[in-house]
Amino acid sequence: ILVGNPFNCSCGLRWLQLWQNGSRAELGNQSLGCWEGSVLVPLGSQVLRACDPPTVRIEPPEVVLRQGDSVNLTCHVSANPPATAEWVVPEVGPELLVLSDHEIILEINNVSSSLNHKDLTCWAENAAGPAEDSVMLNITFPPVILLLDKALPRHSWCIPFSVDGNPVPGIRWLFNGTALVEGRYIHTLIMEYEHNSTILHGCLQLNRPTHVNNGNYTLLVRNPLGSAARSVQVRFMDNPFSFSPEEPIPVTLHLLPAPGTRNSSQEGPVETTDEHTLGVSVAVALAVFACLSLSVMLILLNKCGRRSKFGINRSAVLAQEDDLAMSLHFMNLGSSPLSSAESKLEGLKSNFIENPQYFCNACVHHVQRRDIVLKWELGEGAFGKVFLAECYNLLPEQEKMLVAVKALKEATESARLDFQREAELLTVLQHEHIVKFYGVCTEGEPLIMVFEYMKHGDLNRFLR
């Protein structure tokens, strides 16, 4: 509110007159005047001759240069009455100069990247008011890594970094000297762009990393003018194993060196792929032979029809109908309607003898696919692959645990039925000397079975 102030008409009121005519600060709604001697004259209509704020213009209006170059900026000032002027340079401050020839030259030698995207301002002022003009420097320079720190546990683990460069550099990572392939669970995220700057602040985000993610992470940045690299050692958790699960278990046997070969007496034998395949083949053959023998014995018992020396009636162990269908029916535990064949077996249910040491009454447990995180492949069989995995929310007393999962290769109708029958049978087979079966995951493909992880591998490999 300026009404009633005793202004004297002079060039010093020119800025206020311009504000009033432009309705700035709501001065257009006020009746302002100035005293011309003893006469009060309206300020808006008062003629103040040879009295205007200066005009300022910078040449060149745009500046693109490389780091280390030199540049001259000329500020042209036109002013009546005369004005004083200055250059305002960031991180340097204003330098006041008195105009003599209506221009000021700013000379910058060995331009620093710290001036990139910064405004250089030429400011001038006379009795009528101030004026200014600015130019932004566009300085190109090779990338630099300002920060690379150790991993921080946030919502996801974050390896923080800050980089700068013009043009904007590309960002890549190495893990233990090998190119890191980014994806859904490991990826680079830019968190913040600094105002009036090319500095980028970001994270290499890792979702649920384990000991396999421990190691050396190298940040690589590159643009057309150069590159930079920096490394950091990161440790997320200790290795829960006393050995690496993908490597053969060392043994204490010593082999005599073959003639003409190097001495290998100090090295334990390493199981080859052929030996492993042979061992598996032998185990499978023995299992098939045992099944055939058992089948023959059951057929003979069925033909005999007499009471055994143990006093167990044949009909109490085997029914007249299909034995496999009957056993699967008892394992199914009511999860599906009875078929006509199964309904015939209902009456025989009371005669079926189960060993309570091996069988329990439980339904097939379903595991959420989002709770299964595959780590690496352990092996491959005829029907699918076996992976080491982490499983969350499996047991109430553990947030996560290591498990072995078997993924079905082909999800045909017959394979699905076999998958279901095996799951039902494994669910009721519970014993301390049998690998524990935790459940299945049937969301999408592939179908998955979740087992207890045996860190020493199968019995054949362990004994070898």
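Placed from the backbone N, Cα and C atoms, the Cβ positions cover glycine too.
Residues near Lys406 (ATP binding site) in space but far in sequence (CB under 8 A, at least 6 apart, same chain), listed by position: Gly381, Gly384, Lys385, Val386, Ile448, Met449, Phe451. The feature ATP binding site is assigned by TrEMBL to 378-386, Lys406, 452-458.
According to TrEMBL, the feature domain 'Ig-like' maps to 54-138.
Per TrEMBL, domain 'Protein kinase' is recorded for 372-464. Under DSSP, the residues of the domain 'Protein kinase' (372-464) split into helix, strand and coil as follows: 21 helix, 43 strand, 29 coil.
For 278-301, the entry in TrEMBL reads transmembrane segment.
Counting other Cβ atoms within 10 Å of each Cβ, the lowest count among the binding-site residues Gly381, Gly384, Gly457 belongs to Gly381. Residue counts of the domain 'Ig-like' (54-138) by helix, strand and coil are 3 helix, 56 strand, 26 coil (DSSP-based).
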